[in-house]
Amino acid sequence: DVVMSMATLPTVLRTFCFDARSIAFDACLVQMFLIHSFSMMESGILLAMSFDRYVAICDPLHYATVLTNEFIAGMGLAVTARSFITLFPLPFLIKRLPICRSNVLSHSYCLHPDMMKLACADITINSIYGLFVLVSTFGMDLLFIFLSYVLILRSVMAIASHEERLKALNTCVSHILAVLAFYVPMIGVSTVHRFGKHAPRYIHVLMSNIYLFVPPVLNPLIYSAKTKEIRRAIFRMFHRIKL
């Protein structure tokens, strides 16, 4: 969240605060790569968190032996490598295209679907590769997260005690809210790009800003509201301020 915001805030602040409406082409390519890469990393981290919840609820006795430090480090490395390797061709696929149409972007930062529409050449390869990346990474992550929760629900429903079922499900609330905060805006902006060609321009701008800036705002609230230690620390802080 922090790194992705840092990749976008410079141009967003320049646009809205200083009315600077231009960005160098190469800088736009770098920003596009960083936004998509860290967005994909966040999707991979949410998938890893769903696996953590699955093991914690469905196989708690083996939690410490399955999720070792080495295994967690391996998951982090795999998520990072997948993002950079999968998205490495994107800047080159854009750079080979001649830009001879309007050079006005729909957003205050650079995205692949937005940039390839500026080209006056055939963008079939870009479209196919973009769709492949979307389905094979974000789509598969969302599918596996859904499957993990199907297994979690099946395991939880087998618990006899109603209180224990609620306690088990309560541990997943933060993750479910984080998944919704990430995927709902992303699906929204993808839908607008693919099917909202005649939508007003402000809809594109609004959806793109919600996509990048709402999850980083919501995530601290989600995790602080559901984590007892963080809640206690916040209450103590406000108590000291009142005193």
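Every residue gets a Cβ built from N, Cα and C, even glycine.
Among the features that TrEMBL reports, domain 'G-protein coupled receptors family 1 profile' is placed at 1-223.
For the transmembrane segment (23-51), same-chain residues at least 6 beyond its ends with a Cβ under 8 Å from one of its own Cβ atoms are 1, 3-4, 7-8, 11, 72, 75-76, 78-80, 82-84, 86-88, 90-91, 94-95, 99, 105, 109-112, 115, 137-138, 141-142, 144-145, 148-149, 175, 178-179, 182-183, 186, 212, 215. If you look up TrEMBL, you'll see 23-51 (among others) marked as transmembrane segment.
Per TrEMBL, the feature transmembrane segment maps to 71-94 (among others).
Marked as transmembrane segment by TrEMBL: 142-160 (among others).
According to TrEMBL, the transmembrane segment annotation covers 172-190 (among others). Through the fold, the transmembrane segment (172-190) approaches residues 39, 42-43, 46, 49-50, 53, 57, 113, 134, 138, 142, 145, 149, 152, 207-208, 210-211, 214-215, 218-219, 222-223, 225-227 of its own chain, all at least 6 residues removed from its boundaries and within a Cβ separation under 8 Å.
What TrEMBL records for 202-222 (among others) is transmembrane segment.
A Cβ distance under 8 Å defines the sequence-distant neighbours of the transmembrane segment (142-160), meaning residues of its chain 6+ beyond its ends; these are 43, 46-47, 50-51, 53-54, 57-58, 168-169, 172, 176, 179, 183.
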